[in-house]
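Remarks on the structure that follows.
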C-alpha cells in the first residue's frame with residue numbers, strides 16, 4: 001500500500017498551481033463606471049455609462065440596485081429598487097450586463113415574496129430552480145394555440161355568460177369597493193382541486209388588505225398552489241413598476257413546462273399611475289392625462305404574454321385577470337379604454353348593483369367575453385343560451401313595472417322568471433359551484449322548476465345542490481368533467497334531481513315553525529336608571 005507523504009502532496013499542489021497560472025492571462029480589465037448626478041424621489045440621473053441598455057440592472061455604491069428606465073445621449077434615468085437614502089450625488093454606478101431577474105420554480109408556491117423574489121413571509125430563503133428576466137417576449141403566433149379549454153371560476157354568472165378560457169385575458173373593471181378583488185380571489189379559490197397554479201400580485205396596496213387576501217386563500221383555497229407577489233404602497237416606485245412583470249415571469253415558468261397558470265394583477269390602474277410618476281420624474285414628455293406616450297405599449301406587452309401554447313410547445317396556458325379601477329363608472333377614461341382594447345373581454349361591476357346587495361355586482365349589458373365562449377363546456381352553453389336575454393328583458397320590465405301594474409300574463413311570467421334568475425346568480429363569496437352544479441341549476445331554471453317556488457328558497461337550493469347531486473345525480477359529474485357534454489338522459493336526470501331538491505326545500509319551509517314575533521318596545525328590557 002502506497003503512503004502519501006507531505007512532500008508528495010505539496011508537489012501535487014504545486015503542479016496544479018502551475019497549470020492554473022499557465023492558463024491565466026494577466027492584464028487590466030476595463031469596466032465602465034458611472035456617477036450619480038442627481039437623486040430624488042426614487043430616481044437617479046446617472047452619467048458615464050454609454051453602453052448600458054434599456055432595463056439593464058445597475059449596481060449602485062453600497063450594494064444597492066436599480067434599472068435603466070430611460071436612455072438619453074449623456075444621462076440615464078435609473079429607477080431605484082432599494083432605499084434611496086444611502087445613494088447620493090457622486091455615488092459610483094456600474095452596469096451588470098443583465099436585465100432585472102426574478103427567481104422561478106415550484107419552490108415559490110405557497111410563499112409571499114416581493115417583486116425581486118425576496119421572501120416576505122418570514123419562512124427563510126426561497127428555493128428557486130432558476131432566475132429569469134422579468135421582461136420576456138410574448139409567444140409568437142406560431143407558438144400559440146386556440147383558447148378552447150374553460151377556466152372555471154365557480155361563479156355561476158361568469159361561467160354561464162362570460163366564460164373564461166385558459167390562455168385568455170379578461171379584464172375586471174369597476175369603481176372602488178365594488179368587489180373586483182373578490183371575484184378574482186373567488187376564481188383563485190375555485191382552482192383548489194384543479195391543476196392551475198395561481199399567482200396573485202398586489203401593486204401599491206396596504207399590507208392589511210393583502211393579508212386579508214392571503215388569509216382568505218389559506219382558509220378556503222389551496223395556498224400551496226399559489227404565489228403571492230407583494231409591492232406595498234410603502235415600497236419604492238421601482239418595485240411597484242416591476243411587480244406585474246415579475247408575476248408574469250413566475251407564471252411563465254409553469255406555462256412553458258406544459259402546466260396551467262392563472263395571474264391576477266391587482267391592479268393596473270395603480271401601475272399606470274406609478275409609470276406616469278416615473279416618466280414625469282425622468283422628464284419624459286407627457287401625453288393624455290399626463291401619461292407618457294408608451295403607456296399603451298407597456299400594458300400591451302405585459303398582457304400579450306398570457307397565451308395558450310401549441311402542443312409542440314407543451315400545451316401549457318397562462319390566463320390573466322387584470323383589475324382596473326374606474327372613477328364614477330367612467331369606462332371611457334384613458335387607462336380603462338386602453339385595457340379594454342388590449343384584453344379579450346371585460347367584466348364590468350356596477351356601483352348601483354353593489355349597493356342593492358347583489359353579489360357579484362356584474363353589469364350584464366356592458367360585460368363580455370370575446371374568446372371564452374368558444375371554450376365554454378357545450379353542456380353549460382346549451383342551458384345558458386337564453387339566460388342573458390331573459391335577464392336583460394326582466395331588468396327592463398322591472399323598471400317599467402314601477403310605474404304601474406303588469407296585466408299581461410306573458411309579461412308577468414317573464415318577471416317571475418327574472419326574479420328567480422337574479423336570486424340564483426346572487427352568490428355569496430367562497431361558495432364556488434362545480435360545472436355539474438351550474439348545468440343542473442340552469443337546466444332546472446330553463447325547465448321552469450323554480451317558477452312556482454318562493455324566491456327566498458333559491459339560496460338554500462343553490463347551497464344544497466352539490467351534496468344532493470352527489471347522491472342523486474349518477475355519474476353526470478364525472479362525464480361532464482371528462483367530455484364537457486351530457487346526453488339528454490343525463491340532463492334529464494340532473495333536472496329531476498334539482499326538482500326533488502326544490503320540493504324538499506319547499507316542504508321543509510312549509511313545515512318550519514314561524515319566527516317568533518318581534519318584541520314591542522314595552523317588552524324590551526330597559527337599561528338601569530342612573
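Positions of Cβ are set from backbone N, Cα and C atoms, glycine also.
Cβ neighbour count for residue 177 (ATP binding site): 11 (other Cβ atoms within 10 Å of its Cβ, all protein chains included). In the three-state DSSP classification, residue 177 (ATP binding site) falls within coil. For 174, 175, 176, 177, 178, 179, 180, 181, the entry in Swiss-Prot reads ATP binding site, with the evidence type sequence analysis.
Taken from Swiss-Prot, the feature compositional bias 'Low complexity' applies to 507-522.
As annotated by Swiss-Prot, region 'Disordered' applies to 507-530.
On its own chain, residue 367 (site 'Required for activity') has 161, 162, 345, 346, 347, 348 as residues at least 6 apart in sequence with a Cβ closer than 8 Å to its own Cβ. Sequence annotations record features per position, and here Swiss-Prot assigns site 'Required for activity' to 367 based on sequence analysis.
Highlighted in sequence order, 325, 349, 354 have their Cβ within 8 Å of the centre of the Cβ atoms of 174, 175, 176, 177, 178, 179, 180, 181, the residues recorded for ATP, and are not part of that set.
For the binding-site residues 174, 179, counting C-beta atoms within 10 A of each C-beta gives the highest total at 174.
Here residue 180 (ATP binding site) comes close to 172, 173, 174, 266, 267, 323, 325, 349: these same-chain residues lie at least six apart in sequence, with C-beta atoms under 8 angstroms from its C-beta.
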